[in-house]
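Read through the structure below, which is laid out as structure tokens, and then see the notes.
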């Protein structure tokens, strides 16, 4: 770390011993203040800079478990303060996907510069991205201490939030929303349940958990497994009664037998995951050019090489080298002793996180919905966590005295048409605290495709009222009705530069923390300072050891034996890397010269360029139909090992 940081750290260390005497600050946070996390500059970012904080918070002192966060302050305040905690899936995939490819204020360009994301979720909400479980992304832990169960992960997140709100108390009373996608369909309900339980404990300041948002979520494994064949038929990937279909249906029978033999409560079942793997393998067109052989499991409109989606999304080719740049690592306050580069998904984390003792979140989601408003959303072109599985799950769930979207016995809430700026955007359906949104012509990562539409969804769900701040609302209608003015129209991202006066007030509040007790407790401070120096030095040595211990697994990720989800797309690439023994940083060159994706990747980059919905919502495009239709002949079987 640059020498300019030495003075603040020395000052922090002197205060460390004194601050540990404060009841709200645990020993793991001794010596840390907001100033240590403040991002003074960010390479490639446009001016003026957004207000951001980033760094590590310790959640497991015994095993040196630290979670990395990146926080953006909201650019405008509507009627109330809100914070959105965003989590990506995997398990073991970094939430920097969400920060730099989906809902965050910046997108990374090919030249390494950042540009504003027109549609970022920080318009009216503070955004908090966390790499979790420990070991994911920039987070770290001793390599013999990866988590294995969902309850462990949820407990770490509660510890993280306790300490984070201790550092940033001005956000503790915000309305809190937890959002994410994919395997976060397990993470989010588990974390929400832990927060609800914590809020009921005596002496705790309740956190205002106001809502959950889960996109293309892995919530009900059974419903997802049994959705693969219907989805393949509905979208022309496979023809009923074909030899291909018979082989895949045989795999489904094996899956059902496994489920009936005790697999109904498993978070992942390998024999059932094989259904999708077999469909992808059977539908490969090996006569096509290399980058157009396989359907992309994350967006069936696209095709990829034999990995069936691991080269997607295309922005990853720019994000990975950006997050490995030394100046970016320094700006984000990453421990300088960390020798391995950022990885989107960590196979060591997912390999340990088998959740064998955990029940699927669908088992208790019906108990959460009455307490916490919940929104599920699906991109209709995603295969791996497709909308059919989500809809089956909703239909089968019972909560608040009804089943599915019943409003009265036997009468279901209507599915409403949603239009955005004159285009058919999707459908809305809601009843008894649950909302379900389908995005037409969208992938596994809906905000990657439609950032502004997802922000409109978020603002509607949060009940944002922009009338107090002015601005022109976007033309968003549900069944033709505009409803409340909830989302601003199309404009480049503004910044909080003009609102720095409020920031100055907050900084003044923290100066008061530093001065607190300095006159009355001078002697205590001096004595405690010596102890703080000792802790500071020993912690630096301890951290260095932990990072070095983590090297063995970074960049050498074996084929997964269970649930893949976001990790699945990198199985083949990681098995190739496992045979090589070289420094992780050499991967920068590999990613910079990565293979070009197949048909459709470049043409789907702009929200305004998406094709509008028509009567054949769930059909493939012309090219994909032809390729899928020609693959009914005998194919080599394969799958994950």
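Every residue gets a Cβ built from N, Cα and C, even glycine.
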Ranges in play 516-536, 537-557, 558-578, 579-599, with Swiss-Prot marking transmembrane segment at 516-536
How does the model score the topological domain 'Lumenal' (36-515) in terms of mean pLDDT? 92
Counting all other Cβ atoms within 10 Å across every protein chain shown, which of the recorded positions 118, 182, 433, 441 scores highest? 182
Looking only at the recorded positions 118, 382, 433, 441, residue 182 (active site) has its closest CA neighbour at 382
Within 10 angstroms of the C-beta of residue 382 (active site), the count of other C-beta atoms across all shown chains comes to 26
What residues, ordered by sequence, lie under 8 A Cβ-to-Cβ from residue 444 (active site) and sit at least six positions away in the same chain? 181, 182, 216, 297, 298, 299, 379, 382, 384, 385
For residue 433 (N-linked glycosylation site), which DSSP three-state class applies? coil
